[in-house]
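See structure below.
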C-alpha cells in the first residue's frame with residue numbers, strides 16, 4: 001500500500017467531520033479552500049509530475065467561475081442550458097490550456113521558462129480584460145446575485161458537492177499518475193530530450209497535463225461561483241495565482257493530497273492573520289522560504305517520511321502483450337551539402353555523406369570536426385541552414401526529434417540520458433511503449449509488458465537489466481551506459497546513432513559493450529552510426545569509416561583505407577588546416 005493510500009482516507013474523514021464538529025460557517029469557509037485545493041492539485045500535476053510550472057492557473061479558475069456564474073444566472077430563464085454550460089466551464093478552460101500549451105511547447109524541447117512567463121502574462125491580460133468589459137463580466141463589481149446549484153444551499157449541502165468534486169479530482173489524478181500515462185509524464189519531467197529521442201511527442205504530453213489541470217481549475221471555479229454568489233476580476237488575478245503556487249509548494253508539489261492540505265491549512269491561517277496581524281505577508285513569506293529551504297517536498301514529504309514504515313511496497317505484476325517490432329528497412333541515409341550555422345559560426349560546411357548499406361559505420365575526426373553536430377542536425381536538435389538530409393528516400397531536414405525517431409532512427413548520447421528517479425523496469429517499459437500505445441493501454445491500471453526478441457537478448461547480455469526495481473540514478477556509469485544503449489535499441493530501430501557509447505568505461509566494460517553492440521546490431525539487422533575516438537573500439541566495430549574535418553567530409557572507406565590516407569594522417573598529426 002502506498003503512502004497516498006494511507007493519507008487520503010484520513011484527510012477525507014477529517015473533511016467530512018467538519019460540518020458536524022465545527023459548524024456550518026467553518027464548513028463554508030473550508031469549502032472555499034477545498035476549491036482552491038483542487039486548483040492546487042492541478043498545479044501539482046503540472047509542476048511536480050510533468051516538470052512545467054504554470055504561473056497563471058487563476059486564469060482558468062476565473063474563467064470557470066465566470067462561465068459557471070453566467071450559467072447559474074441564466075438558469076432562471078433558460079434552465080435547459082445549465083448543465084451543458086457547467087460542463088463548458090470545465091471543457092473551455094481545458095481546451096484553451098491545451099491550445100496554449102501545445103503552441104508554446106512545440107517550439108522547442110525545454111521551453112518551460114517561456115511557458116511560465118506566458119501563463120503569467122495571460123493571467124495579467126485576462127484580469128485587465130475582466131476589469132474593462134462591463135457588458136460581459138460586470139467590470140470591477142463583477143457578476144453578483146449568482147444562485148447556488150439547483151437543490152443546494154451555499155451554507156449547508158453545497159459543501160458535500162464540493163467534497164464530491166474533491167474526491168473526483170483526486171481519483172482522476174491518482175488514476176492518471178498510476179497509469180502508463182503517469183509514467184510518461186514522470187519521464188518527461190526527468191528527461192524530456194530522451195523522451196523525444198524515443199519518439200514521444202513531449203509537446204502533446206505536456207499540453208495534455210496542462211489541459212487536465214485547467215479543466216480541474218474550471219470545475220473549481222464554477223463551484224466557487226455557486227458558493228460565493230459573486231465573481232469579480234480578483235478570481236483570475238495574478239495575486240491569487242501566486243497564492244495557489246505557494247499553497248502547492250507548502251503542501252508538496254510531488255503529492256496530490258499535499259496541495260489540498262496546504263491550501264486548507266495555509267489558506268485558513270492566512271485568513272486569520274490578515275485580520276489580526278498587520279505584517280502577515282512577511283510571516284507567510286518566511287514560511288514559504290523556510291519550506292523551500294528545509295522541506296522542499298512540503299508537508300506531504302514530511303508525512304511520507306513518517307508513514308513510510310507503515311506503507312507496504314506494492315509488487316507489480318505485468319501482463320506480457322504482443323510482440324512489437326518495427327518493419328525492417330535497409331539503411332539509406334544521405335547528407336547533401338548540409339550547412340549548419342549558429343550565429344556567425346559555421347559548424348557544418350557543405351557536409352555530404354551517404355550511408356547505403358546495413359552495417360556498423362564509424363564516424364571519426366578531431367574534436368570540433370562536426371560529428372555530434374551532424375547527429376544533432378539529423379535528429380532535429382540543430383537547425384539546418386542549407387542542404388538536405390534524406391532517410392529512406394524521405395527528406396527529414398529540420399524535422400523535430402520525435403518525428404525523426406518515429407521513422408526508425410534512435411539515438412544514444414555521449415553522457416547517458418536516463419530517468420534518474422525511475423526504475424530499470426520503467427525504462428524498459430518506456431522503450432517498448434515507444435512504438436505506440438492505445439488509449440486503453442495508456443490509461444489502464446494493470447501493468448503490462450510488451451516483449452520482443454531483442455529484450456530477451458539484452459537480458460542475457462546485461463544481467464543488470466534484470467534488477468528491474470533498482471533506481472536508475474543509483475547505477476554506476478558503466479551500467480548507465482548499458483541502460484541507455486538498451487533504451488535506444490529495445491524497440492528495434494532501423495538505425496541507431498551512438499555518440500561515444502564507451503566513454504568513461506573501463507577496458508573490461510568497453511569490451512563487453514562493444515561486443516553487445518556488434519551482436520545486437522548484426523543479429524537484428526540494425527544499422528549503426530557510431531562516433532568514436534578509441535581506435536580499438538573502431539577496429540572491433542567498423543564495417544565502414546567516415547572521417548569529418550571542420551564540418552565537412554574528408555574521407556571514407558575501410559579502416560585500412562583510412563589509415564593509409566595521407567590527408568587523414570595529416571589532419572590527425574595537425575599538419576592540415
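Glycine is treated like the rest: Cβ placed from N, Cα and C.
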Of the residue ranges 6-30, 81-105, the one that TrEMBL records as transmembrane segment: 81-105
Transmembrane segment according to TrEMBL, located in which of 59-75, 178-194: 59-75
Candidates 81-105, 117-138, 158-176, 246-270, 282-300; stretch with most C-beta pairs under 8 Å toward the transmembrane segment (205-226): 81-105
Paired segments the transmembrane segment (117-138) and the transmembrane segment (59-75) in contact, 3+ CB pairs under 8 A: yes
Interface check, the transmembrane segment (81-105) with the transmembrane segment (158-176), three or more C-beta pairs under 8 A: no
Residues of the parent chain within Cβ reach of the transmembrane segment (158-176), under 8 Å, 6 or more residues beyond its termini: 4, 8, 12, 15-16, 19, 27-28, 30-31, 34-35, 37-38, 41, 45, 148-149, 152, 182, 185, 212, 216, 219-220, 223, 226-227, 256-257, 260, 443, 445
Stretch-averaged pLDDT - the domain 'ABC transporter' (333-575): 91
